[in-house]
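According to TrEMBL, the transmembrane segment annotation covers 6-28, 35-68. The domain 'SH3' annotation in TrEMBL covers 59-120. Residues annotated as domain 'SH2' in TrEMBL: 126-223. Feature annotation from TrEMBL assigns domain 'Protein kinase' to 248-483. The ATP binding site annotation in TrEMBL covers Lys276.
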Amino acid sequence: TSGGVTLFIVLYVFTGGGVTLFIVLYVFTGGGVTLFIVLYVFTGGGVTLFIVLYVFTGGGVTLFIALYDYDARTEDDLCFQKGEKFHILNNTEGDWWEARSLDTGISGYIPSNYVAPVDSIQAEEWYFGKMGRKDAERQLLGQGNPRGTFLIRESETTKGAYSLSICDWDDGKGDHVKHYKIRKLDSGGYYITTRTQFDTVQQLVEHYKERAAGLCCRLIGSCRRGMPKLADLSVKTKDVWEIPRESLQLIKKLGNGQFGEVWMGMWNGTTKVAVKTLKPGTMSPEAFLEEAQIMKRLRHDKLVQLYAVVSEEPIYIITEFMNQGSLLDFLKDGEGGNLKLPQLVDMAAQIAAGMAYIERMNYIHRDLRAANILVSDNLVCKIADFGLARLIEDNEYTARQGAKFPIKWTAPEAALYGRFTIKSDVWSFGILLTELITKGRVPYPGRWACLTLSLLFSRHSTLCKHSQCRVGKVCEPLDFITG
């Protein structure tokens, strides 16, 4: 049974009396046994009766249960409903597993983050896995949840422990979240207070649903869990992610940029995506594919995920769709205009987390500003537009001749000499903070681009290459300057 071989053992038993018994033993090589008992009964009169009894014998196999509904995106995927159970046939494909539905008997690929082991803590509605304190607060406070709404997540500080986060309310603070550590006993049990201990986290939850018992309030119901994001469009685009242009439908234009347009679209008639179209001549297809390889390798929950590309001109970049649009528009014209300081600080922290990941991966962004941050529900922010990102081998990138960049967001050494490092991204992040606090106002209001540089480095007398420009006298209101 090793090496990917599946063993079928068929036992034929003739019992007499017109009854023939077939016992078929199906052995899965992952260490589990599935037993099929098929009873063939000849009843006479031209009628043949088949009685099929399916028996699952265990043997180390873990069944998985669907946490969400899923509509198949391709013919290789399985459609399934929340609560449906699966036998996993192959889990070596990373984010996509080959599985057989125990409800329908059909096999196909399923997204691995849509399922969890049956009867495990991961299968519980209230379990949110690896999640930070601020993310938990954003989930609980962002949906109008009543007092007593809760979730459980992995502890950030103690391995093997959990944290209970509860939505609370009082006259002084209004809606807020309280956090409790769920500690693990050496014997395997769990507790919040030592006087009340439980064998499982599930038992702990049921106890505090009946009574507050020292918590801020009784647990009422679990926080609604959003649909997880997939890292790929399908199992086929996981490695070969050049897709045909015909598979995309551009539905609604979301915006125009210096180098192209952004659309809401549909892939394969099934999946909502964002499509960035680049104007012909923006970059060579070869250079673009090199950039896209970099973009595809970056995976973080605070970075917009690249799904696929069309590399022939006009070039298309297909990414996850963020329904609130850019942070700049959200602050100026959307719900962001009413945000308070704590919420703005939280958004800044999300962006900082994404940029810290970029730094760890030895990349630079080069164009960090509010227009290149996208927003979705619950004030989730993700960094977008890696078209100008570069892999840094010597810790510094020098802009090519003629490159354009947003001068008011660009560090002086990058604007003057075209040298970009992670430190220049830190400068841009500081300018982005002013956009947050001012709800999208342009940095250095009332200053032209080249005059801004003049104020930063007054000893430079010839900064703008516009033929009509004299710094501080005649200067066009440029947001971008050609270096």
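Each Cβ is built from the backbone N, Cα and C atoms, and glycine gets one as well.
TrEMBL annotations: computationally assigned, not manually curated.
Cβ neighbour count for Lys276 (ATP binding site) (all protein chains, 10 Å cutoff from its Cβ): 21. Mapped onto DSSP classes, the domain 'SH2' (126-223) shows 19 helix, 33 strand, 46 coil. Mean per-residue pLDDT, taken over the domain 'SH3' (59-120), amounts to 92.
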